[in-house]
Amino acid sequence: MADEEIKPTSSIEAGGGQNNEHEHGMTSLPNLPSTREETPRELSPVAGSSRAQSTGEQGVKPLKRFDTLPTRRSQLSPDTRRRGRTLTGQVPQDNDLSSRRQVFRRGTSVLSGESGDRMRSIPERGPVPPTTERESRPSGVSDRTQASGLRPRRSTTSRQRGPSIRRRPTVALEAVTSGADVGGGDNFTLAGPAPIETSAQNQPYVDPGYAHLNPAYVQPENVRPVWGLAKPLPRVVRPGMIPSRTEINMAQQQQQQQQQQPQNQADVDLEQGRIEPTLKLSRISTALQNARQQRENNLMEAHGLVSPTNLQTTASRQEPLTAPSQVIEEEDLADKPTNTDTTSPERPPTRPPLSFDGRPSQTSQNSQNEPFPALSDHDDQESVATEVAGPDDLDGEWIGQEIPLVAYDPNYDDEIHNLHTHWSVIRLRFREPLAELLAVTCQLTLGFCADLVVVTSGKNASPAGNEATTDWAWGLASMLGIYIAGGISGAHLNPAISIMLWIYRGFPLRKVPMYVLAQILGAFIAALISFGLYQTNIVEYGGTDLKTSDTMGAFITYPRYPWINASTSFFTEFVGTAILAVAVLALGDDMNAPPGAGMSAFILGLVITVLSMAFGYNTGAALNPSRDLGPRLALAALGYGKDLFTDVYWIWGNWCAPILGAIFGAFLYDAAIFAGGESPVNYPRKRIKRAGHKWRKKWGVRLRKMKPAKKGEDEAYRRWKESQ
């Protein structure tokens, strides 16, 4: 019996059905002879079990099923989920699993490549079940929304109701970084929306004719540099990064000597990080000089000032530079309107080649008749475009005029503006000071009012807040100020930050006085507004004599307690502002870990909050010279007395300490982390001296021009200008 093969037979012959369980290879008992008369009857429309069908054929009346009982489905029905082990599907071969496909939210396709039909399961045994109406129907949600007028749901994929035997892909796809699932599986993440989707959602509606009437709205981003706290700081070329003619001449002579005496491999691979571990700085000084000369020679070669044949000395110098600190590649020179050839927009054809001594050749000087791009004479530290060679400008050593490195003209020639009224012209001229004024006024008004609320409610049974309340108020107020003016003036809100950015990031020196004046004026206005709003509370709290009202601490900062000496007060402001400067430079460094769009202001608001909590107990944590001087002037005008300026703490405590602290904090960050060439920390020592000498000479010329001219000097100056 064990070796006998049992053939599957059907227990339903009259109905023409087949028992699929026997076809699946399931063993069955041999058919026993039935003593009852078999009466053929129609199959029940309900897909019942084979037992019910067999009993019906044998003449037994089937049991009546009540409506409360669940409908019994056959396990062989295509609508019944199979128990036990199931087949897993295979991903189509033409499925694109690349990261780009997944970033653009295109899920795994379940359609065949040729016909486009839905991929059916591969049967284990038996024929392929036909496609049911339930499977072919996409979803009932879209049908209802079309009829009812509701907005269709686009965030989730239409999912079938009930069981299904359609095969599922087994390849693990990358999780989509958004809650909106378009064609993929159920991917849940806490990382927020994808950048592409976020940028699309933040785009507002724009009428078709709006761009024609307001062309400034559609101009490219980063048309002008903005040294601010709302986004990464700009990368500019500063005078210390550009070689002089003498340095070019010496570099060419050294290159010829190095061709005859090749250097050690350790020196060649210096910038690749392969440095021999040694404490002898003299062994790498030559490599440092060669690496710097190579970068400068690449600059000269790019602008046609040096022949490329003189630059190929070693194998490493033939490799292109890829360091992010080389900001020459970041300057968009093609957008600068110049009289250049359209075939090579990166350099004008009229640039004279340099001879061996680093100066233009005589033939090139004679043939040089076409005008060069006009370079404005403004701040020495903004960019190389500020440097125009003069008669006393290092004896013609400066080559900045021959290298078009500027991408922004401070005379607003590269921008498109919407000038509709007369005020729009004035606003364009003073847009940065106006933005700084508005931001400081809003920031300090909120801060002063929060302090007044806590001070004047101190005698009440339930005071309205405490010191922690004011700390959070100052942090959120600073965040608001950065959001207001971050894209226009940069929202420095602090003279110490403006001076620090001038020294270490090339912020124009000519803009520093305007920024400081706007910040002091904004603090003055904010103090007047706050006093006007809480005047009755101040009188109720301290009386009509403002000198003894004990509300001065809500406006200005000073040592809060008698045991806090001068050194403690000074270094409290010094350390607090140094940490603030480190945070500003870290958030503005695009090579470090800059936050996302719009997050810099929020993070700096939190930084101000924690600084107020940490350093506010000793002195009130001014961290800002204008935040103290503006209210002092306002309180003196309101009648708080002239004793506000008798104590010199407001000079060395609120001005010297924050400015020196910001400079020191920026030095620490650049010495430890920053690698850009615009920082003086990364200048060679000779370049620092040369830049200082050049800066003193230029400002000496400007001061001499401000003096009344003597007789005969005006004509000589006019002739010199015409010769240029």
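Each residue, glycine too, has its Cβ placed from N, Cα and C.
Under the heading compositional bias 'Polar residues', Swiss-Prot lists 87-96, 307-325, 360-370. The compositional bias 'Low complexity' annotation in Swiss-Prot covers 252-265. Annotation source Swiss-Prot lists N-linked glycosylation site at Asn565. Annotation comment: Swiss-Prot describes 1-167, 248-267, 302-396 as region 'Disordered'. Summarising the annotation, Swiss-Prot assigns topological domain 'Cytoplasmic' to 1-434, 494-513, 589-595, 669-724 and lists a curator's inference as the type of evidence. Annotation comment: Swiss-Prot describes 456-472, 535-567, 617-647 as topological domain 'Extracellular', evidence class a curator's inference. According to Swiss-Prot, the feature transmembrane segment maps to 435-455, 473-493, 514-534, 568-588, 596-616, 648-668, an assignment based on sequence analysis.
Around Asn565 (N-linked glycosylation site), the same-chain residues six or more apart in sequence whose CB sits under 8 Å from its CB are Pro559, listed in sequence order. With pairs at least 6 apart in sequence, the transmembrane segment (596-616) and the transmembrane segment (568-588) have 3 or more Cβ pairs within the 8 Å limit; the two touch. Across 435-455, 514-534, 596-616, the stretch most heavily in contact with the transmembrane segment (473-493), judged by Cβ pairs under 8 Å, is 435-455. Panel annotation: around the topological domain 'Cytoplasmic' (494-513), residues 227, 229, 233-234, 236, 238, 378-383, 386, 410, 432, 519, 577, 580-581, 584-585, 588, 623-627, 658-659, 661-663, 665-667, 670, 678-681 of the same chain, lying at least six beyond its termini, place a Cβ under 8 Å from a Cβ of the stretch.
Here the topological domain 'Extracellular' (617-647) has, by DSSP, the following mix of helix, strand and coil residues: 21 helix, 0 strand, 10 coil. Listed by sequence, the residues of this chain that lie at least six past the ends of the topological domain 'Extracellular' (535-567) yet keep a Cβ under 8 A from its Cβ atoms are 448, 451-452, 454-459, 527, 617-622, 627-628, 631-632, 634-635, 638-641, 643-644, 647, 649-650, 653-654.
Summarised as a single figure, the pLDDT of the topological domain 'Cytoplasmic' (494-513) averages 93.
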